[in-house]
Every structure is written in structure tokens, then in C-alpha cells.
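Accompanying notes for the structure given below.
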């Protein structure tokens, strides 16, 4: 078996990636989320495949086909709710994974980090298009509002929006193409994940100290396979509790009403995992400014290696920047809350303050804290 594992052209790639991979001896549970994201992706592809067997991407029958899946297909209700809540679990793992990367300075592995940002955009695009497919009220109006943002692009905006819609409004052509893209994107994401791993294995994993761990490596299997398996069990338990006991807790009741272009819902909002970005978008009165802020809220992650001023990699031994980090986490929770609130006083001013704080912490306060820590520890 060892000979096959180490000599076979295909199996040896798996061996070098998941079995004999040298890993730091001290990586904590925060390093579990990579494998959990892989599990989420597999769950989403499998449940999505079974849903696609019964779904019809036509405005007249899309809503009915989802109802049919839930009522008439064997365990269709389970597959549908696993897919819907699987997206939420995916984003929870994604946010924790990115948060870990920021905390421990993993963004210094620039190729891996940038590929991660591309993956984040791809997953967000996939989730947005997936939310449109059941063709409920929030599906339709969410698609209308978000795609309409592209009309803020000077000169070509309106043409671009109509090109994406395939007409003069969100209609059958839009739904059909969104289904096609929603189906193909997870496979593109899988390919990008392999590139992400390829870049990671070029440098090796980071660790909680932020120090070079070449002198103290252990094989990935069995140490981290068993550790990842524990993470998998915990995730599956949380996922099953969410899916079987509270399937609709993260959804919007408006999406149980079929799409009606003549009736606008009182509060149009995206799924919970986009609310922080939606709050940043709404905090700027100008349409183009809002769109730029929305894009920048994610793109700013790509500038983190440039904004790193500390002589230390991780925040483990940096209490001042740690404080800034946790204020940033709290700020993102505030933005998520504000994104789900109506556009009225006092929510507008809270959203604007939280948006300014978000960019200020990343661009100004954390780099300044890094320089200050260098000074007080004489690391110049």
C-alpha cells in the first residue's frame, strides 16, 4: 500500500496533499475551517445536483417546482433545506476562515490570500444567483435591486444591466441564465480551490505563533485528519440541528410569496450573509459611491499585506492590534444588524458610523497600532 501511495502518479498527489504533508505541530482548531469549507462545497454540489433534477428555470413554473420538490419528491424538503442552510453554514465557515487569516497574518502568503479573495467573490456570486432561483418575492426584488446597481457605471451602465437581464426587466431570460451560472460556478469554485491549495502547499501552513515552523513539522495524517474529522462531526451536528429544527430561521418569509413585479415588499434585503456589505452600500447616499464602497468592502482584503506594519506576523503577542481586531468583528456584527433594518433614523446614522469605522480600522488604526507596538517593544 505504501508503494502505491508514494509511486502511483495520481495517488501520490493526494498523498503529498493530505497524508504525508508536513504540517506545523501547533495549529489550533482555527485551522479546521479549510476542510469544513471543502465539506460544505461537497454538500452544496450534491444537494444542488438533486434539486436541479426537479427544478424548472421558467418564471411560470419555478416557484411551483420548488413547492413540488418540498411536497412530492422523496426527502425533497430535506434536500431543499440542506441546500438553503448549507449556504449559511458555508458563509459562517468562510467568515471564520477569513477572520483567522487576518488574525494570524496569513495574508502574507499573498498568492494563497488573493486566490481566497477570488473564491470569496465566486461564492458570493453563486449564492446571490441561487437566491433568485425559487422566484419568490425577495428573489425577484433582490435580483432587480442588486443587478440595477450596475447601472451606476458611467456610460455603459444601463446597457450592461439590460444585457445581464436579457431584456428590459428581470424576467424569464434572467432566471434561465442565473440557473445556468448557478449550476456551473460551483465546479469553477472547485477548480479554484485546488489552485488555492496548490499555492498553500508551496509555502506551507501558517501557525498561531506566526513564526517559521520548518524545524517542527508533523505528518498531516493521522494527526490532523482525526482533528478535522472532529470538526466535521461538530459542523454536521450544528447543520442537522439547523436544518431539521429551524429550517426557516435564516430565510425571509417574503420568499414564500410568488414573485410579483407589481407589488414591492416593504423591506428589500438580501440573505443575512450579505447584510454587512448591503449596509455599507446603503450608508452612502450616492449610487455610484455606494457601489464602489460595496466592492471595496471585500477588495480591501487584497490590500492587507500592504497595510501590515508590524514586525510580527500574527496578533498573538500584540494586544493593541488585537483590540482593534475585535472592535472590527463587533463592527461587522453591527453592520449585519443594520443591513436588515429599514432606512430610517437612527439606523441610517448607525450604518454610516459603522461603515466609516470598518474602513478606518483596517486602513488607519490597525497599521498605526502595528507601528506603535514596534516602538514600545523596540523592534525597529
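Numbering starts at 1 and runs along the chain as it is shown here.
Cβ atoms are placed via backbone N, Cα and C, with glycine included.
Over in Swiss-Prot, the protein carries these features:
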| type | residues | note |
| --- | --- | --- |
| TRANSMEM | 33-53 | transmembrane segment |
| TRANSMEM | 77-98 | transmembrane segment |
| BINDING | 83, 182 | heme b b562 binding site |
| BINDING | 97, 196 | heme b b566 binding site |
| TRANSMEM | 113-133 | transmembrane segment |
| TRANSMEM | 178-198 | transmembrane segment |
| BINDING | 201 | ubiquinone binding site |
| TRANSMEM | 226-246 | transmembrane segment |
| TRANSMEM | 288-308 | transmembrane segment |
| TRANSMEM | 320-340 | transmembrane segment |
| TRANSMEM | 347-367 | transmembrane segment |
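Mapped onto this structure are the features recorded in Swiss-Prot.
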residue	record	Cβ neighbours (10 Å)
83	heme b b562 binding site	21
97	heme b b566 binding site	20
182	heme b b562 binding site	21
196	heme b b566 binding site	21
201	ubiquinone binding site	14
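Per Cα geometry, 97 is the residue among the binding-site residues 83, 97, 182 nearest to residue 201 (ubiquinone binding site). For the transmembrane segment (226-246), the partner stretch with the most Cβ pairs below 8 Å, chosen from 33-53, 113-133, 178-198, 288-308, 320-340, is 33-53. In this chain, the transmembrane segment (113-133) lies close to the transmembrane segment (288-308): three or more C-beta pairs between them fall below 8 angstroms, excluding pairs fewer than 6 positions apart. Looking at which of 33-53, 77-98, 320-340 has the most CB pairs under 8 Å to the transmembrane segment (178-198), the answer is the stretch 33-53. In summary, the transmembrane segment (77-98) does not lie against the transmembrane segment (320-340): fewer than three C-beta pairs, each 6 or more positions apart in sequence, are under 8 Å. Cα-Cα distance from residue 182 (heme b b562 binding site) to residue 196 (heme b b566 binding site): 21 Å (rounded to the nearest whole number).
Packing against the transmembrane segment (320-340) from elsewhere in the chain are residues 99, 102-103, 267, 269-270, 272, 274-280, 282, 310, 347, 350-351, 354-355, 357-358, 361-362, 365-366, 369-370, 372-373: each is 6 or more residues past its ends and has a CB under 8 Å from a CB in it.
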